[in-house]
Amino acid sequence: MTTAAPAARLTSRTAYNTAVDQALTASAAYYKDGDTTLDDASYDALARGIAAYEREHPDHKRADSPTGKVGGGTAPVGDVAHTVPMLSLDNVFDVTGLEKWGASLTRRIGGPVTGGYAVEPKLDGAAIAARYRDGKLVQLVGRGDGAHGEDLSHAIGTIVGLPMHLPDGVTVEIRGEVLLSQAQFEKANEIRLAHKAKMFSNPRNGTAGTLRAKDRPYVIETTFFAYGAVGLDGVDVLSGDTHEAVMAQVAALGVQTTSSTEVGLRVCTTLAEVQARVEEIQKLRPELPFGIDGVVIKANDFAEQKAAGFATRHPHWAIAYKLAAVEAQTRLVAVEWNVGRTGIIAPRAVLEPVVVDGSVVTYATLHNPAFIRDSGLKIGDTVKVWKAGDIIPRIESPVIALRTGTETDIALPEACPKCSGDIDKSGERWECAGGVNGSCGLLPSLKYAVGRDQLDIDGLGVTYLEALVEAGFVNDTGDLFFLTRDQLVQATGSEKRADSLLAQFDKAKEQPLNRVFCSLGIVRTGRTLSREIARHFGTMDKIRAATPEALAEVNKLPGANAPKIAAHIAAMGPVIDKLVKAGVNMVEPSADSGDTTGSKLLTGEVVVVTGTMHGPLAGRNRNQMNELIENAGGQASSSVSKKTTILVAGEGAGSKLAKAKELGTKVLSEQEFADLLADHFS
Ligand SMILES: NC(=O)c1ccc[n+]([C@@H]2O[C@H](COP(=O)([O-])OP(=O)(O)OC[C@H]3O[C@@H](n4cnc5c(N)ncnc54)[C@H](O)[C@@H]3O)[C@@H](O)[C@H]2O)c1
Ligand SMILES: [Zn+2]
């Protein structure tokens, strides 16, 4: 199945002492926040070397040696006493190890195992004890040193699978693993990215940090699976003579167990069956929505468990059958920068090939420039790589201790690697800012341009756009208006569709300036700001002539963004020229310019629209309604406040209508509003 890395060979007392120091440092970091310098295989090899040395030289054994201790004696220990010790598990790595364990078990219980072996996944997270008193979840306790653990009760309410209440007011302690599922891990990193917090390098590390964190400004959800239960306060509600029976009761109480998954508890009669089940679980592993690092095998019968007994660090009646590590160490050879379809410029690590989780890994994601900066990664570094299932391989952290001094800094790109245009570096993810050639992210920009709130070209979906781009017919939005019928037939495969699109393009030429401008996808502008800009300047010529200072005067436009916007408008010159040549409208009908009489119907009104539009306004989405309001001189807003002067209530109006009534705001039905604005739409 997997082979254990050979034990580190320690040939002197000095080597032994160094090894113990290394193991203690790594282990302390591992349990604190997962940020250790060793991968698990290296740690285990070191630990085995230490144990071997101590067997040969018992008198050299240090009191702080990690051998024989839960969590190597380094896990954070709190002051909550465990009712029954929470122990580690001894490991085997192959069928030979399994059989050896089976033989020792038989010896200890004085005969063959008759109650069978319970086989469960070894969940890769952190162990906790969840205490329920009178049916209420009152305390969470970490494993600690096995005898005492940290109080982790602050995490109550953030763990899926661990209900706040149990039926019938039972008092019981449920034990199990807290972990981040693959989806929770991705979500957690999105949240961390948004909060400028360091990304978790893998789900297990994320779990340790998350459980212990107390005052984060955000909540990260985790998952719990129970794998045991014990009595509490002298009460023992669990009846049954086997692990299987108790787990069935735990599940019946509403606590999540692995029985809800494909790899849930299975009782096997023979070790051969156990081995077959281990292989089955190994096969299922890549598709599981959470990480496992092995399979746990337990004597199912409690009487047999009792007869087998405990060592200081682990029970004799259970064993962890380790699966191949999903983490490995290798070297960072180079960093490539790729421009994705959406214009995002993402760094990718080129690695010395290494086998992780059964496949060769040569590339890993480096997420974004901030990750590179925060991790302090250099070319030539030894790095830990993590991969599980279908997840893109990730670089965890550089192993600083293995630096030789020849490592070099990673150069960040100055210009877009694809079009040499500017890079928008304002976000965590860098983006191609378009540049004069603007070919990066062409498809998404076309898709945006033809969207309902921009040029509104119905029926021109991504598939056809892709075909048009692929055929070389379209290189920017302007080209759309010069497409011939033949080209459209070729790209869409239908004469009817081609004709309908030609009609759509003609219609789009009549769109007001605000939509035409919006279709350019200028950085830092969206629908609302496009309307403001169009209204402020009135014509495309005036927009193009506007200095950053002039742009900064536009309502709602943050002054700091003005230079970027001006630069991007200038860069889009060739596209705008094409649109002009095609006869696309470049004037805003409702522009402010020159019109200072303020004679428009909604001048001075702050209007909120809620519910769905029917009657004459049917089918208009919120953006289109806002457009209408602004064209009539009003100000569109999304929430009802004291400033609101009119609420337009469509079908299904709810809380906003209630609030408006409460504030005494004027409420108009859709029909009334339509009548009022009769001149403003056709
Ligand atoms: N990389 C490092 O620096 C470093 C340092 C220390 C330890 N480690 C790793 O940690 C491991 C040993 O640590 P450990 O004692 O925390 O864990 P362990 O491997 O001894 O396993 C015991 C734990 O397994 C968990 N578990 C998951 N599923 C279970 C199930 N179905 N039934 C019972 N228990 C289940 C429980 O949390 C339990 O506490 C080693 O594999 C080692 O590689 C790594
Ligand atoms: Zn580019």
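Glycine residues also receive a Cβ, built from the backbone N, Cα and C atoms like all the rest.
Among the candidates Arg62, Arg143, Arg192, Arg348, the residue that TrEMBL annotates alongside Asp40, Ala41, Ser42, Tyr43, Asp44, Ser88, Leu89, Glu120, Glu177, Lys298, Lys322 as binding NAD(+) is Arg143. The 6 Å Cβ screen around ligand 2 retains Cys416 from the binding-site residues Asp40, Ser42, Leu89, Cys416, ordered by sequence position. Proximity of the binding-site residues (Ser42, Leu89, Lys298, Cys419) to ligand 1: a Cβ under 6 Å from the molecule is found for Leu89. Taking a C-beta cut-off of under 8 angstroms and a sequence separation of 6 or more, Leu89 (NAD(+) binding site) has the following same-chain neighbours: Lys122, Val296, His314, Pro315, Ala318, Ile319, Ala320. Taking CA atoms as the reference points, Cys416 (Zn(2+) binding site) and Ser42 (NAD(+) binding site) are 40 Å apart. Separating the Cα atoms of Ser42 (NAD(+) binding site) and Cys419 (Zn(2+) binding site) is a whole-number distance of 44 Å. Residue pair Asp40 (NAD(+) binding site) / Cys419 (Zn(2+) binding site) shows a Cα separation of 43 Å.
The two recorded residues Arg143 (NAD(+) binding site) and Cys419 (Zn(2+) binding site) have their Cα atoms spaced 54 Å from each other.
Looking at Asp44 (NAD(+) binding site) and Cys419 (Zn(2+) binding site), their Cα atoms lie 48 Å from each other.
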